[in-house]
């Protein structure tokens, strides 16, 4: 296993984005209250279809009809937790991939217990920041400053271990994103620190990860989801004055993204 | 009953919009989690007042204090369903119009049963896309591609039947919107396909329909609500680069709309 | 007690904003469904950190970990009410300030009872419009037109009485904001009527009040929170065409705000 993961190749990213555009996946989002509108708009701008179906009975039914499922525990409460478990079980039964975004897992007991329960249902992919991935992997991330933008690399060993024990593709995102299946890794660069001043960029990325997780080469596809967001983010940031004007510019950039953009726009180094 | 409904006359639309501006209705919105902020901002931009009061006890109390009520079942769950029934009953008792937006009715059993329960409480108006209106009218819309923008015309017979059996004014919206009371119809054109790439444009329209449903000529008023949104939408789309910049431009266009704009801007054909 | 409160001095505002920027407080927001995203973006734009943790068990745990707590009852329901009480009690036990935003208190029985229950738990600060502050103080505001922008002055005696009986700093906001601890008052001007056409500006202010309430001179700090929002609001309004373009411009203005801006930008009169 290399210490320095390879950058996601542009041809893989372009092929994956092309497949995404053709498939226009329907993504069932069980996500937090704060980011639902932004998440839906990100998926729509990219050409996917979002649907938020939240009562346990119909969440279970809908998880088999949608192409993929997102479970984000940001504003977890008991009723939504029941819907999440029901939907994950249906998705598994129907062969639909589902993605876990373990928001703020670690210090908070209620959601940490629940995230472990979800983990046992074997998500297809997991997307979190360094502290979340380390906590979910069973490491104590507190006091180590892992929320800072530079520390996704420090969480890469935890991400690999989590991928190996869970079977999921794991994306640990930050200034550089690392995506691993436990055997192979990709690095994805791009983005902009301004994106951390806008609520929901990480949560919306997890929804995009779900939309890409339907593809057969899941590792490359999840890395492409990260690259789509980082590329649109850096393009948007180049043209705006702050986090307010970022949101419309980012959605416009996602909408304007072409397959050839993924081919051409690869960082040289990181 | 004409096969080709007449376009909404500009003078009717202008008179209805003028009445709306004078009344500045207070609209009680029991709507889905994804679109609450956008819905509130659409009503505020137009000069109406939104209020989201959701616990069953006070939703029932508030439905008699507000001018109109919106019930949108997009993220239906059991607690909200109880509040919706309580509010609809109070609104009926107090003579306040209420509007049903039957989001995604059809394939999902839980909400389809609930929408039929609501329908029995006799909404003043119903606003949905072609597949929703066909499903609510008891027709099987699946497999017919009725989500596509061109098919609102295909759902017009279902809309008329639904209006006749329910007593509601029914708006089936798409590339062209059709509004019917079961006897007379209006067609409303305008808008832009970009609006389908932004979450909540249809849901917000339903809130605007509620704000207009207080007027005595309900058929013309509901059609005017559709025209207000399609006109602001086409103006916004003319000036933007994508779905992100659409949202602020659309709200600004709603805010800037004048009564005379409704008079003058009528499509020639459709 | 002066009849005409003094304007918040620029040097106090600058010092308070400087302290805020250094502290970058983590604010636990138990707020309404409509404004969660905007509230989070306002705090992020200013450099604070928002977190929405809503299930009673972990809301209680998190209230001791965050620097401050906001309780906004806009879309109150029974489950959230339990979380609010649990969080307020933990915050009190841990010595963390919490802020009450009594949205629409007065006519609605359910939330009015609950707001009085919260009031007994002694919030550090309360932020509301004139009718809400008058209702919470036990005065009947109905039929007096206190929702209009000019009437915050009419509610100042109620705000002073509420501050004296509750021990909270009370901010009654409108065209001019008044902030009082029951003994001393500050007036804060600025802002723009356009801000009343955007959902959540008042609710987001309450979150900013929570972020400032951690400071030792709470009266000046709460007034500074009001001034930060009114200054960014008037700057944004100077550059936009309506409520849609206001939102991105406002967040950009909050992001761009400098300590020296607070020093220099004080109204001459009101």
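Residue numbering: from 1, along the chain as shown.
Backbone N, Cα and C define each Cβ position, glycine as well.
Annotated substrate binding site per TrEMBL: C:52, C:200, in sequence order. TrEMBL lists C:127, C:173 with the feature ATP binding site.
Note: the CA-CA distance between residue C:200 (substrate binding site) and residue C:127 (ATP binding site) rounds to 13 Å.
In sequence order, C:200 are the binding-site residues among C:52, C:127, C:173, C:200 whose C-beta falls under 8 Å from a C-beta of chain B. Note: none of the binding-site residues C:127, C:173, C:200 has a C-beta at a distance under 8 Å from a chain A C-beta.
When secondary structure is read from DSSP and collapsed to three states, residue C:173 (ATP binding site) falls in the strand class. Put simply, residue C:173 (ATP binding site) is 24 Å from residue C:52 (substrate binding site) when counted between their Cα atoms. Every protein chain shown contributes to the tally, and the Cβ of residue C:200 (substrate binding site) ends up with 26 other Cβ atoms within 10 Å. Residue C:127 (ATP binding site) falls within a strand when secondary structure is assigned with DSSP. In the three-state DSSP scheme, residue C:200 (substrate binding site) falls into the coil class. Within 10 Å of the C-beta of residue C:127 (ATP binding site) we count 33 further C-beta atoms, all protein chains included.
For residue C:173 (ATP binding site), applying a Cβ distance below 8 Å and a minimum sequence separation of six or more within one chain yields C:127, C:128, C:129, C:152, C:202, C:205, C:226. Cβ-based neighbour count (10 Å, all protein chains) for residue C:52 (substrate binding site) stands at 25.
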